[in-house]
Amino acid sequence: FATLGQKPTIQTFLERKVYFPHRQMKNGAWQITIPMNSDVLKEIEGNQVAFQDCFIADILFLLTTPLLTMPEIPGFLPISSPQGSQLIADWAACVPSSVVVVADMETFQTNNSFHTWTRIRVPPNILTDDERHSVSDVTLSEDGIFFLINDILYIKKFSAFTRLGEDVNLPNGGIIGITSRKWCWVKYLLKDKGRRSNMAVWTENEVYLGYTSLEFVKIITTEKLKELLNLSSAATLTIHNVEYTGHPLELAVLLNYCMTCNAIKKIYLAIYNEDTKQWVYQDFALDVTIDTFLIPHFIYSAMPELILQDKHRIYYYYHNFTDTGVVQTPTEFGNLSSLSHNSIIHDVFIDYYGNIMVKMENNVMFYFKINIKDALKLHLWTNSTIKSLISLNSSGQIYLIYVFENGTVHPQEYPLKLEAQSVTFNTKEKCPFMAFHNNIFGVFYFLDKGQNLTVWAQIVYLENIGLYIIVESYGPNILEKKDHVHYEIASGYCTKTMTITFSQNINYEAVDDYFKLQHENTGLLLVRVRPSDYAKTCPVAPKVFQIAVGCDAGKFIAVKGFNKKECLHYDFFYIIEKSYLRTRPSKHLRVQYNWEKYGCPLRVDFREKFHPLIQLYNENGYVEDVEVNFIVWEIHGRDDYSFNTTMKKSGCLNEAQTWKSMTKLNKHLPLEEAWGPENYKHCFSYAIGKPGDLNQPYEIINKSNHNHLVWPLDHSGMYVFRVKILDPNYSFCNLTTIFAIETFGMIPSPSAYLVAAFLFLLMLLFFTILVLSYFHYMRIYREYIYVPFYKSERKPKNN
């Protein structure tokens, strides 16, 4: 393959990052090094190299950090569902190969789609024998495995099995159901800085959301729901079932509603948004018998679309509840039990490609796709006496889980595509389009202020069929959508290409309430692009993706030329004289330089001006140089610096905003909040601001206005600046960063007291020497006055 030009790459599914193999093959294999991150779904892609007239298919696979399974501890006892019951299972939404299965003799856990597995057992003397064999539901989470036993919730951790109740804000009993998320959304936007739950727990009258670290919060009661939904206070309202929708932040609650509650009840549906904390009543009502129990399964879609199962039929609710009915079969009017030897529905499985499989208790299976209203019976695959379940493996392929009477588990791949082609071959059903292409490679897109997103989709079909492309969105009305359709026809084939652009054109400058306007125009949209007609034989599923309008938490700014590597890493203290501080305190300020926060200071000659260049980054690295306005201030309160450009030179027609004017106007706010994009007003119009002294320094900087920081000429110092983006139309994020400047080159002027003291000592020394000299010469003078000179020169005589 390498000789023919093959060179596979690995591409992450969400971020679409591509990793290439090393230059040299080793032992006839390619080697690719990839980092471990939250984007666990990868895809191996190769060049179009043919081998015996075939190409190698691209394949998805999961690559996660090592996942732990519960150890089998000697002496622990098995936990299971009631004797003769069907399998119960749950798996991690973003790691479908991590599964827990409850059978009527044991509970099993795997992290690799049952290539290997362990038994989950519990300590003795906690549950009775009847309780150990009475599991009615199970949920897998980061905290452990939750079991619902006789209306009481338990959690199994590595070495403990604990009953949950009032100690974690849950009822001590009366719990009728638990559920976890079914669709994987690694990224999403919480604009109100809330939290996203990972499981739901409910009683007949209350709903609780569960978070990590065993934290549970009650979000609603049926009495409150009556008020919110304007239902009769005299009626009986109970919770029927709860399920997470296809939206990453929404939860659906099915409600039983009846007046006399003898024979018939109504099923209503309300959806709760975890970000806005709002309940929305849906256009949904279904009359069923009083003993009917429905299980919802939400489709991987932008709009709230779902199918419901009872014991015998499947109900569909497509296109935001506007297209409803019972999934039909070639005979028996949709009664699946009649086509499967009177067996009842055990499970419904839906994948990301739009495939829907309905499995009966005797292992008869039916197949259809999303937005399709009829189902076909698949060929018999498994013995009717074997307990089985449908799941996804680590490559995103469907496989069957078999649990045998001897307490062993066996996985078996299920070729759904071939089986579906086999049963649809005799129906002569054909996909209405030949191809459906698009450039939507991601499932999550962030839009900040001034940005737009353009995608295209193309459909090819036979002439005179009349297909078109539909774009559906679900969420707040905060984006403008423009589309353009290009149409071609040639050789009996029609090609329609639709280009869709999502944008937001709102001016946030000089508005009355900046933060309120921002909040109203941020949020999360789900978008689906699909053909106008669909069939069970169509190989391509509609495309679903998110558009988040708001602040990307991974976005940040930095000043070019500053880092934490090119200096000695240590903290130190320095003194700022009180005359250099903005508030003019009575004492000097002693400051600790925090290297971890401030990074390496840049040493600048005091005669050099400095112009900071701001750069924008995200989690993938450098994005662009920031060209819009920004401001700087010294975080410790220094104001002994200035700017080289005046308001007049900058072209101001009225007096521009300054730190002095903004702090005076916002005395109640701290310095860092006194001036920002929320109150910025430019000075280039006579209608904005007021006349004033235009010879003042212009304190607003951008990439092109050549405004520089200017240092004092009489002293050096250490300056720690914070930068804030000032342009209100640049970003939803409050973009700030810190950089430090150390000026040098100036010989510091001595203190006047020091000079006076030095002069005093110098004068004192001078007069001391003068006085000492006087007395020294006076002694010599006296000596020669009283002792005659000739005596000193007289020579002694020789005898």
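Glycine is no exception: its Cβ is also placed from the backbone N, Cα and C atoms.
Annotated features in TrEMBL:
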DOMAIN    1-35  domain 'CATSPERE second N-terminal'
DOMAIN    76-425  domain 'CATSPERE beta-propeller'
DOMAIN    435-545  domain 'CATSPERE Ig-like'
TRANSMEM  752-775  transmembrane segment
Long-range CB partners for the domain 'CATSPERE second N-terminal' (1-35) (under 8 A, at least six residues beyond its ends), listed in sequence order, are 41-47, 49-51, 56, 60, 63, 186-187, 441-444, 620
Using DSSP three-state counts, the residues of the domain 'CATSPERE second N-terminal' (1-35) come to 0 helix, 8 strand, 27 coil
Model confidence over the domain 'CATSPERE Ig-like' (435-545), as mean pLDDT, sits at 94
The DSSP breakdown of the domain 'CATSPERE Ig-like' (435-545) into helix, strand and coil residues is 7 helix, 59 strand, 45 coil
